[in-house]
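Q: Please find one structure pasted underneath; my questions will follow.
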Amino acid sequence: MSDEAPWPYFPVFLRLQAEPVLLLGGGEVAARKLRLLLRAQAQVRLVARALNEEVAALVAADRVRHLAAEFEPAQLDGCTLAVAASDDAGLNARFAAAARERRVPVNVVDDAAASSFVMPAIVDRSPLLLAIGSGGGAPVLARRLRERLEAQIPAAYGRLAAFMQTHRARVKTLEQSLRRGVWERFVDGAGAEALLRGNEAGALAELDAAIAQARPKGEVYLVGAGPGDPDLLTFRALRLMQQCDVVLYDRLVSDAIMELVRRDATRIFVGKSRNLHTVPQDEINAELVRQAQAGRRVLRLKGGDPFIFGRGGEEIETLMAHGVAFQVVPGVTAASGCAAYAGIPLTHRDYAQSCVFVTGHARKDGQLELHWDQLARRGQTVVFYMGLQTLGLICQQLIAHGLPGDWPAAVVIDGTTAQQQVIASTLAELPAQIDAGSIKRPALLMVGEVVRLRAKLAWFGARAP
């Protein structure tokens, strides 16, 4: 599950057709709520002594039943929903309390604390409705977002939604696993374009063609998820994440990013976690082939970039050998993302004229086979991936091959996320400051004089020393 804040409200659409709803108030605010309730075909009972012109006209037209009396709790009996929209705060509070006693969901206009549900800002492209809610805490922001969406979503999308609703039965003749693909090809292709131009016959022909070609060829998407912050995903990565049928992922992919994957996609965890059982790479390769050959769109989601210590090359070699179609989407590699968010430039005219990425993953005997003489040079930044468990050995070897003990080094944990932690120190002191065994989160080691710049360049989150 995600570490993000819990939802204060559950987003849901209610069917109110022919359902009794009690509305308190007869002024302009009540009129706005009344319009929405009537659009939803609710049977509205309105409690108010005085009515403005618009509400009075609706009462006269028998669109709403007017209870010209003071509010009484018994008026709520049998109601499905209740809305308080009078200009009397005390009356609204009594109304809400009575509704809660009867377990009738109630909304009090401009009082989220007294409400059991809130009304969102709405973009109406009926039968397509978009609802934007802020939990009652930022209604102006919700309205601004609605205005942007109103400008970006063509009015004809309502006609498109109605067409798809009308012809759902045609697509339902297919097995469930194929239906989404048919609709996606229709919406993204010539079918939707024809309908938006008013050519319904052409749209129907395109839909029938999509149904006839329903079983797609499988494909693998090798996608870099970046170091953790979802905002660093590319547009292409996000699009493929939303259209996959199955996703293979590991622990380096953050929960926040997994939340963006198509919700009904099959999820296969393939490990890649230290000291825990992991799926061997050969089995991962075979699973990618098997899923694609079954006609599925397979997302291989990797932390960072697939081609930088991501074993992406091995995976596409297997795909090519089996004739499986694939595409590769680069991601922000951990070194680049973590360095930027930590305020540590990887290169700098005065301190680092080159940058080296190297794996810190040890062999089975615990040793590292690295070119230590080259890594211990000045004038460069060295970034160790997967080097947390060998941190002591790395620092020891760099000192042994010529770097001073006070040479700057830093470990970035959970880089680019709200939980980011940076421990900046020296080669001699850093191992004692890190309890590698207790850190289960992604971490990166950076070595070089540029680490000193963090003291003045840190900009993201807490400015840890």
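Just so you know, the numbers here start at 1 and follow the chain as drawn.
Here the Cβ of each residue, glycine as well, is placed from N, Cα and C on the backbone.
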Q: Please state which member of Gly191, Gly198, Gly271, Gly415 TrEMBL lists alongside Pro227, Gly303, Gly304, Asp305, Ile308, Thr333, Ala334, Met386 for binding S-adenosyl-L-methionine.
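A: As annotated by TrEMBL, Pro227, Gly303, Gly304, Asp305, Ile308, Thr333, Ala334, Met386 share the S-adenosyl-L-methionine site with Gly415, chosen from Gly191, Gly198, Gly271, Gly415.
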Q: Taking every protein chain shown into account, which of the binding-site residues Val29, Ala50, Ile308, Ala334 has the largest tally of Cβ atoms within 10 Å of its Cβ?
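A: Sorting the candidates by Cβ neighbours within 10 Å, the top entry is Ala334.
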Q: From the recorded positions Glu28, Val29, Arg49, Ala50, Ser134, pick the residue whose C-alpha lies nearest to the C-alpha of Ala334 (S-adenosyl-L-methionine binding site).
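A: Checked the recorded positions Glu28, Val29, Arg49, Ala50, Ser134; minimum Cα distance to Ala334 (S-adenosyl-L-methionine binding site) goes to Ser134.
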Q: Reported as an integer number of Å, what is the Cα distance between Pro227 (S-adenosyl-L-methionine binding site) and Ala50 (NAD(+) binding site)?
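A: That separation, Cα to Cα, works out to 60 Å.
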Q: If one measures from the C-alpha of Arg49 (NAD(+) binding site) to the C-alpha of Gly304 (S-adenosyl-L-methionine binding site), what distance in angstrom results, rounded to a whole number?
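A: One finds 64 Å between the Cα atoms of these residues.
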Q: Cβ-Cβ under 8 Å from Gly304 (S-adenosyl-L-methionine binding site), same chain, 6 or more residues apart: which ones?
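A: Looking at Cβ-Cβ distances below 8 Å from Gly304 (S-adenosyl-L-methionine binding site), excluding near sequence neighbours, one finds Gly224, Ala225, Gly226, Pro227, Leu252, Gly310, Gly331, Val332, Thr333, Ala334, Gly337.
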Q: Please identify, from the binding-site residues Pro227, Gly415, the residue with the sparsest Cβ neighbourhood, meaning fewest other Cβ atoms within 10 angstroms.
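A: Ranked by other Cβ atoms within 10 Å, the binding-site residues Pro227, Gly415 bottom out at Gly415.
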